[in-house]
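**Q** Before we start, here is the structure in question, set down as structure tokens.
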Amino acid sequence: MAPKAEKKPAEKKPVEEKSKAEKAPAEKKPKAGKKLPKEAGAGGDKKKKMKKKSVETYKIYIFKVLKQVHPDIGISSKAMGIMNSFINDIFEKLASESSKLARYNKKPTITSREIQTAVRLVLPGELAKHAVSEGTKAVTKFTSS
């Protein structure tokens with residue numbers, strides 16, 4: 001019985017499609033044509049302003065630091081993109097490392113101590129020392145003001 005049941009719907013569908021196509025192509029197509037433009041027109045009346053997706057970058061800060069260090073040197077947009085990607089990568093590494101440190105110590109909060117330890121672990125040698133001193137200076141300036 002299963003093969004018969006499978007054959008019957010297959011036979012009926014083409015017959016129904018043919019009968020629908022033969023009986024009312026002139027009637028149904030204009031109605032559908034009329035409905036679609038009205039719906040599209042109604043959607044067109046409610047024009048919503050497309051907001052430009054804001055992308056946060058470090059480009060302005062990179063440029064400011066560049067001008068502090070070398071005022072006469074510029075940077076290409078491709079190099080700026082690379083620097084922005086580099087900073088995002090470093091911050092992501094620092095965040096994950098400080099998160100691990102907080103978890104190891106069973107603390108719910110990432111403090112400046114976890115960040116400082118993460119900097120020492122992620123950055124190599126002399127760079128870590130300079131980063132820690134600059135970070136300490138920035139935190140002191142922030143808390144004093």
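Residue numbers in this text run from 1 along the chain shown.
Backbone N, Cα and C atoms are what each Cβ position is placed from, and that goes for glycine too.
Heads up, here are the entries from Swiss-Prot:
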type     : residues : note
REGION   : 1-53     : region 'Disordered'
COMPBIAS : 1-30     : compositional bias 'Basic and acidic residues'
MOD_RES  : ALA2     : N,N,N-trimethylalanine
MOD_RES  : ALA2     : N-methylalanine
MOD_RES  : ALA2     : N,N-dimethylalanine
MOD_RES  : LYS4     : N6-methyllysine
MOD_RES  : LYS7     : N6-acetyllysine
MOD_RES  : LYS12    : N6-acetyllysine
MOD_RES  : LYS13    : N6,N6-dimethyllysine
MOD_RES  : LYS23    : N6-acetyllysine
MOD_RES  : LYS28    : N6-acetyllysine
MOD_RES  : LYS34    : N6-acetyllysine
MOD_RES  : LYS35    : N6-acetyllysine
CROSSLNK : LYS141   : ubiquitin cross-link
**Q** DSSP on LYS141 (ubiquitin cross-link), three-state: which is it?
**A** helix
**Q** Using all protein chains in view, find how many other C-beta atoms are within 10 Å of the C-beta of LYS141 (ubiquitin cross-link).
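**A** Excluding its own Cβ, LYS141 (ubiquitin cross-link) sees 9 Cβ atoms within 10 Å.
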